[in-house]
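Chemist: Dumping what TrEMBL says about this protein:
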- 3-122: domain 'Gfo/Idh/MocA-like oxidoreductase N-terminal' (DOMAIN)
- 131-204: domain 'GFO/IDH/MocA-like oxidoreductase' (DOMAIN)
Amino acid sequence: MKKSVIVGMGFMGAMHAQIYAQLENATLVGVVDFKGAAAKEKLDGLGMPGVPVFATVEEAFEALDFDVLDICLPTDLHLEFALKGIAAGKAVFCEKPLALSTEDAERISTAAAEAGVPFQVGQCIRFWPEYQALREFHASGQGGKLLSLTMQRRSARPTYAEGDWLNQEIRSKGAAFDLHIHDTDFVLALLGEPRAVTSHGHFDASGPSHIFTHYAYDGPVVYAEGGWNYPDTWGFQMAFQALYENATIDYDSGAQPTLSITVPGTPKAALPFASAGQRESSFKGGNLSDLGGYYKELEAFIHCLENGSAITDATAGQATASVRVALAEIESARSGQTVSL
Ligand SMILES: NC(=O)c1ccc[n+]([C@@H]2O[C@H](COP(=O)([O-])OP(=O)(O)OC[C@H]3O[C@@H](n4cnc5c(N)ncnc54)[C@H](O)[C@@H]3O)[C@@H](O)[C@H]2O)c1
């Protein structure tokens, strides 16, 4: 049984708390948040009133014996807290993006490797059931050559974050980084690093708020788009289309079924995939829904810790590459030039 402490009981911290409540071989033993009363209220609402809340991570290190430091803090704090977790010899799970610069991400990655502590990054799309199904289909080769891949991640502007940090470029680097890095990371996971990126986008006070990128590969034509300029009533959508010589895979988070396959001579049909744990009914208005990749990534992480096996997906090194490519995309959108990698 692995004991975890979550740092940052905001949107993602509450998500992770629900997952620990469902995982059989992990348990939440503490929370660190400088807004202690709000964190306590959230834990009560999730049916976890007994979990102690600390104002600083040092207090948690002092008071508790635990295995995992789970960092759900604003991105500009990842470097500081990741290094603290590594120095304390904890296994670290850190939310994405790993850091705000490639240099900081490399520092974390190197420190984790030198200390020999397990480290995984919350690049949850690698574990999202429908995206995993695409990876499996791609690896099977049954569709033939991939001709094109297009990906979208679109959202109303987030207004929930503590201190509105997401809308401050200096803390989040905008939607092109915070939101779109999920698709950047998935493109890298599926196809490796592109030769170059060419991006266009919109910029505002939050930084690059919508980005459109072409990734240069020999073979498939690959585009991804991500932005949060939509009206507050628009909601959220993630989607992709992978067009192969012999099949097309379509995914749309708002469609039913979400994932489908079309092969020549056969009508479009649902493509089965393995779903994940269920959201607690006490959370967000009582609707049960799939916890998707958020569940599967923590399940995989805890599984590696329990078995002593190496983390191979969403490693610090892979997340560092995603930071580098996402920053190259922003540079390209700003300069109007293609950026070679
Ligand atoms: N994987 C995903 O799909 C996904 C989705 C949302 C957010 N995220 C990532 O998760 C991280 C957290 O985002 P969020 O949306 O939960 O933010 P949030 O603003 O909802 O939560 C941040 C929490 O950290 C606390 N905090 C801030 N500074 C602190 C400090 N110095 N010490 C202790 N506590 C502190 C705040 O009080 C708050 O509770 C970010 O890196 C974000 O990019 C990932």
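Including glycine, each Cβ sits where the backbone N, Cα and C put it.
The structure displayed is predicted, hence computed values, not measured ones.
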Chemist: Roughly where does the domain 'Gfo/Idh/MocA-like oxidoreductase N-terminal' (3-122) sit in mean pLDDT, to the nearest integer?
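Modeler: Per the prediction, mean pLDDT sits at 97 for the domain 'Gfo/Idh/MocA-like oxidoreductase N-terminal' (3-122).
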Chemist: Count the residues of the domain 'Gfo/Idh/MocA-like oxidoreductase N-terminal' (3-122) that DSSP assigns to helix (H, G, I), to strand (E, B) and to coil, and report the three numbers in that order.
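Modeler: Looking at the domain 'Gfo/Idh/MocA-like oxidoreductase N-terminal' (3-122) with DSSP, the answer is 56 helix, 25 strand, 39 coil.
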